[in-house]
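*Asks:* One structure coming up, written as structure tokens, with questions to follow.
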């Protein structure tokens, strides 16, 4: 209420106040948009200078000048351009007529004073008009005296045509023989070094066939170890190349094999399959038997260690008797002297502790012996059963 009264006192209506608020909101939104776009702000009513433009925002050099020239060309009226184009077309028509020999109504003085020599240009002028028959100008193959076209006969008896440089070397001598009348004694020609075709005679063919015939060169039917570079096994036997000696060697090997078979049958020797081991072998041990043997060895080592400890402990407990001390007999036996240990309570406690420790050690040793004995009784019957 106070705000309305104050506004009424200043002569400002509520409608004017709403309009001012709307204008203020629009200005705030515009300032926010400009700030987001990176535009300058007005601080204190004074425009601050713009910051330095980065390189990637700078325009290319000369772009403004080119844009201005394009604008100037666009400003040229279309009518003037059409007039210039029509004048150029007329000039082109008159030039073509002059070059083709058609007069332009000029006298000799005017033609002589012109800057263009139409007579000279007419000599090198080639018309592209459609009224010229191109079939009249048939291309003629150029005549090359250094590399003429020649005919020769190939190996199949066919007559072929080619240039001299393309003819194979072995066929050039035919042309030389045919052109004896063109021989020039003053011209030096290098000899043609071609490779002649070797054609053997019938006698030579028959000789080669007989040399390489199968009857004269029998195929080897036996293995030759000398042609192989490798190590042979212990059972390798090198046979002779002589057929008679080879047969004798094969016969002796067959006799030895027969004797071996008879000896094996006499002694009831089993037939060993290929790849198996030959010789005396024990029964295959299973994994369980190997584990039992290992456990047995460990038990024996443990028993030896316990026996050594037991002997050592007994040797420490037995009192050592000096050699010079008199041996107590039944006649001269005397009661032992009273020791002060009976009267000392600490000595009595120490003796009791020693007795307890020795008793516990004996009990542990007895328990270990009982366990080992029991384990041995369980293991040995199973091993004997296997």
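The count begins at 1 with the first shown residue.
Positions of Cβ are set from backbone N, Cα and C atoms, glycine also.
Positions annotated as compositional bias 'Acidic residues' by TrEMBL: 144-154. Taken from TrEMBL, the feature compositional bias 'Basic and acidic residues' applies to 155-176, 285-308. Residues or ranges marked as compositional bias 'Polar residues' in TrEMBL: 354-363. TrEMBL lists 40-71, 123-185, 250-365 with the feature region 'Disordered'.
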*Asks:* Go through the chain and flag residues at least 6 beyond the ends of the compositional bias 'Acidic residues' (144-154) whose CB is under 8 A from any CB in it; none is fine as an answer.
*Replies:* 160-165, 167, 171-172, 174-175
*Asks:* Residue counts in helix (H, G, I), strand (E, B) and coil for the compositional bias 'Acidic residues' (144-154), per DSSP?
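*Replies:* DSSP composition of the compositional bias 'Acidic residues' (144-154): 0 helix, 5 strand, 6 coil.
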*Asks:* Treating G and I as helix alongside H, and B as strand alongside E, what does DSSP give for the compositional bias 'Basic and acidic residues' (155-176) in helix, strand and coil?
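*Replies:* Once the DSSP states are binned, the compositional bias 'Basic and acidic residues' (155-176) shows 11 helix, 5 strand, 6 coil.
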*Asks:* What is the three-state DSSP composition of the compositional bias 'Basic and acidic residues' (285-308), stated as helix, strand and coil residue counts?
*Replies:* 22 helix, 0 strand, 2 coil
